[in-house]
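So that you can see what the record holds, here are the features copied from Swiss-Prot:
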- 7-119: domain 'MTTase N-terminal' (DOMAIN)
- Cys16, Cys50, Cys82: [4Fe-4S] cluster 1 binding site (BINDING)
- 137-368: domain 'Radical SAM core' (DOMAIN)
- Cys151, Cys155, Cys158: [4Fe-4S] cluster 2 binding site (BINDING)
Amino acid sequence: MQVKENKQLCLISLGCSKNLVDSEVMLGKLYNYTLTNDAKKADVILINTCGFIESAKQESIQTILNAAKDKKEGAILIASGCLSERYKDEIKELIPEVDIFTGVGDYDKIDILIAKKQNQFSEQVFLSEHYNARIITGSSVHAYVKISEGCNQKCSFCAIPSFKGKLQSRELDSILKEVEDLALKGYKDMTFIAQDSSSFLYDKGQKDGLIQLIRAIDKQQALKSARILYLYPSSTTLELIGAIEDSPIFQNYFDMPIQHISDSMLKKMRRNSSQAHHLKLLNAMKQVKESFIRSTIIVGHPEENESEFEELSAFLDEFRFDRLNIFAFSAEENTHAYSLEKVPKKIINARIKALNKIALKHQNHSFKALLNKPIKALVEHKEGEYFYKARDLRWAPEVDGEILINDSELTTPLKPGHYTIVPSAFKDNILLAKVLSPF
């Protein structure tokens, strides 16, 4: 029997879903604390930071400073994760309000660091395994599973390899064991994540690692549904797309950040890919029945000229992505693009505004295409007093939209899980739907 300490923990997990998995590992080590969302009441405030781009760094720093103001006398303030790792040599002096700093190598030792009240930065990047106890947050039916850590790509704009290191993939058996354990606890929907998911097992000399994973999950039959985030174009193949299409468990969800479509820009970005390869993959994805395609674009990378931008803009309007993330270029230390001549901010902002207009048009069309037809969905939890929150099974949590189901139209309360529903109305990125039946 686990006995709770009479101490409260406030955990703030910033950044991506990969960071969230590491935060959940830390929660697993700190299971004997009572969780609170109020930093002023906490005995320990733990902030798992993001250090990806400038806006994320600023958010992390501001969150730390706010927590420092809120913390009560005697409380411990901890900054872990990417920001701490990336700036470990100077961060202790820059933010003296923090009691403990730790990076990306010691999530599974957080209880020891708190007990000893010491900083620690291990050289080896931590990669969660099946034996690392996690406390899953946010859902009783969905969990993220991290399949690898680090990245071997050499994109001109990305600093991640400088603090996350080279690609290190988990053993397939470890992933299957984690999936089985989580499924037995009721997590029947999972999202598989990594910095570069399509390169899974490349570091172990296997080029079809992600296909192996898909087929092993299908054979295992522990899950009802799953999807994969963060495919990298140069390591994505037609065979991989086919494996996803053929899977009874993995949804026809394709999240592949292309960053640009112009060949000259892809070369400047050091993406190790080409427009022809992008189009081959994207058109194959679009041919898959009921496919859902998400991508990411960087606007204003150094040396992006008007012609290259117009080529990108025309392509995005023609291809019609279901969802599109558009980022302004962020100059990051220890990257090739950091010292290159910058595109003026005024031009970047104008370009982003134009692309956002295109993205919103096609996003709304994607939502409306679901109206008045049965779709498979995951009901996650009650949202407020009158609604249940759900999402299309193809969608990733949090980022692709939400569906609300009015409980006044139900004869019995809904349990979290898989249902067939019919969306009937759409407004402000939200679909309203009725439940037909569970499946």
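Note: Cβ is positioned from N, Cα and C throughout, glycine not excepted.
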- Note on the structure: Across the domain 'Radical SAM core' (137-368), the model's average pLDDT, rounded to a whole number, is 98
- Item | Candidates Cys16, Cys82: member of the binding-site residues with the richest Cβ shell (10 Å) | Cys82
- Provide the three-state DSSP residue tally for the domain 'MTTase N-terminal' (7-119): helix first, then strand, then coil. 52 helix, 23 strand, 38 coil
- Message: Of Cys151, Cys155, Cys158, which is closest to Cys50 ([4Fe-4S] cluster 1 binding site) if I measure between C-alpha atoms? They're all binding-site residues.
- Response: Cys158
- Measuring Cα to Cα, how many angstrom lie between Cys155 ([4Fe-4S] cluster 2 binding site) and Cys82 ([4Fe-4S] cluster 1 binding site)? 18
- Note: in the chain of Cys158 ([4Fe-4S] cluster 2 binding site), residues six or more apart in sequence with C-beta under 8 angstroms of its C-beta are Cys151, Glu332, Thr335
- Query: Neighbourhood of the [4Fe-4S] cluster 1 site (Cys16, Cys50, Cys82): other residues with Cβ within 8 Å of the Cβ centroid, in order?
  - Reply: Leu14, Gly15, Lys18, Asn19, Thr49, Gly51, Phe52, Ala56, Gly81, Leu83
- Item | Cys151 ([4Fe-4S] cluster 2 binding site) CB neighbourhood, other CB atoms within 10 A | 21
- Query: Tell me, how many other CB atoms lie within 10 A of the CB of Cys155 ([4Fe-4S] cluster 2 binding site), whichever protein chain they belong to?
  - Reply: 21
- Message: With an 8 Å cut-off on Cβ distance to the Cys151, Cys155, Cys158 Cβ center, who else from the chain surrounds the [4Fe-4S] cluster 2 site?
- Response: Gln153, Lys154, Phe157, Ala159, Ile160, Pro161, Gln195, Asp196
